[in-house]
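Enquirer: I have a structure here, written as structure tokens, and I will follow up with some questions on it.
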């Protein structure tokens, strides 16, 4: 049996997970939360990660009931992500690998999400919608690569939601996206917003600019409520994502969709995607917040796949890459 420990810390979550041959043995994490109206800065986020990472490491080993000698490989997030948090986690993973005398594997964060989704849902060969605070991509596997069929041409969908939450001072606890989702359930009036799909790609910056301006005017004059704006924003951006996912499915003759990434645990997005899949006679696969939101187990799972297929990262190559494309990785563990 192969046991891999995974270190994730590319954004405001720090997580360490342990996987043994497809079984999640432990997966603790901590979240850096800022006051309403504020985002998280790289240096402050890295400081948070440094303050808790050894505690989380101890928790992961204790929950799994393992010692360092039981670990076969150490995996860490190589990128993409925020520079300072990535460096913090890479340094700890590199140190742990040397102290324990274990091989090291640098993992692409996006592929971590995909492999975790495949493991948990048992999806065979799905069209993947990857939606998070920093990434928005429609992906399908072909010839040893995860190919990007469409993506955002500016900001990610999660970033759009987060920044809107800051404008109307929605709490960041547990996350801005979750709180928008709950407020949207109480919205009843649809405010028309720009709908920007360009072929297989999407754009969110114009929608954000428009709704920021509309929020100040419409809330001030009581033309609508904050709940109405949350509802309208969700409906619009999720419809865009469903459209490009369906187009990729048609191109690939795919009958499976897998939603991954932090925004992927939004139940309204899952519901809208489910309607489209039902109309096509396709299956929808999604996970809950334990595995959708950034976590260490997803890095451990991708690291497990890479390590078992013979991939190892030499110490001199164990740097981080802030802009690390999903399609740059050779997928040696799939036919």
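Glycine residues also receive a Cβ, built from the backbone N, Cα and C atoms like all the rest.
TrEMBL lists 29-300 with the feature domain 'Gcp-like'. Here TrEMBL flags 109, 113, 130, 294 as divalent metal cation binding site. If you look up TrEMBL, you'll see 130, 131, 132, 133, 134, 162, 177, 181, 266 marked as substrate binding site.
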Enquirer: Using C-alpha atoms, which one of the binding-site residues 132, 134, 177 comes nearest to residue 294 (divalent metal cation binding site)?
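Expert: Result for residue 294 (divalent metal cation binding site): the nearest of the binding-site residues is 132.
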Enquirer: Take every residue in the domain 'Gcp-like' (29-300), average their pLDDT values, and give the whole-number result.
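Expert: Taking every residue of the domain 'Gcp-like' (29-300) together, the mean pLDDT is 97.
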Enquirer: Record lists 130, 131, 132, 133, 134, 162, 177, 181, 266 as binding substrate; longest Cα-Cα distance in Å?
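Expert: Roughly 18 Å, rounded to the nearest whole number.
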Enquirer: Have a look around residue 294 (divalent metal cation binding site) and count the other CB atoms within 10 A of its CB, chains all included.
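Expert: Excluding its own Cβ, residue 294 (divalent metal cation binding site) sees 27 Cβ atoms within 10 Å.
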Enquirer: If you count other CB atoms within 10 A of each CB, which of 109, 113 wins among these binding-site residues?
Expert: 113
Enquirer: Near the divalent metal cation site, what residues other than 109, 113, 130, 294 in the same chain have a C-beta no further than 8 Å from the centroid of the listed C-beta atoms?
Expert: 10, 110, 112, 114, 132, 135, 260, 261, 262, 298
Enquirer: In sequence order, which same-chain residues at least six apart have a C-beta under 8 angstroms from residue 132 (substrate binding site)?
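Expert: Same-chain residues close to residue 132 (substrate binding site) (Cβ under 8 Å, separated by 6 or more) are 113, 156, 158, 261, 262, 263, 264, 294.
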Enquirer: Can you tell me the CA-to-CA distance separating residue 134 (substrate binding site) and residue 109 (divalent metal cation binding site), as a whole number of Å?
Expert: 11
Enquirer: Quick check on the binding-site residues: of 134, 177, whose CB has the lowest count of neighbouring CB atoms inside 10 Å?
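Expert: Per-residue Cβ counts within 10 Å for the binding-site residues 134, 177 bottom out at 134.
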Enquirer: Could you give the Cα-Cα distance between residue 266 (substrate binding site) and residue 130 (divalent metal cation binding site), in whole Å?
Expert: 13
Enquirer: Cα-Cα, whole number of Å: residue 109 (divalent metal cation binding site) versus residue 177 (substrate binding site)?
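Expert: Cα-Cα, rounded: 20 Å.
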Enquirer: Using a Cβ cut-off under 8 Å and a sequence separation of 6 or more, which residues in the same chain sit near residue 130 (divalent metal cation binding site)?
Expert: 110, 113, 114, 136, 137, 138, 139, 260, 261, 264, 326
Enquirer: Please work out the number of neighbouring Cβ atoms within 10 Å of the Cβ of residue 266 (substrate binding site), leaving out its own Cβ.
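Expert: There are 25 of them.
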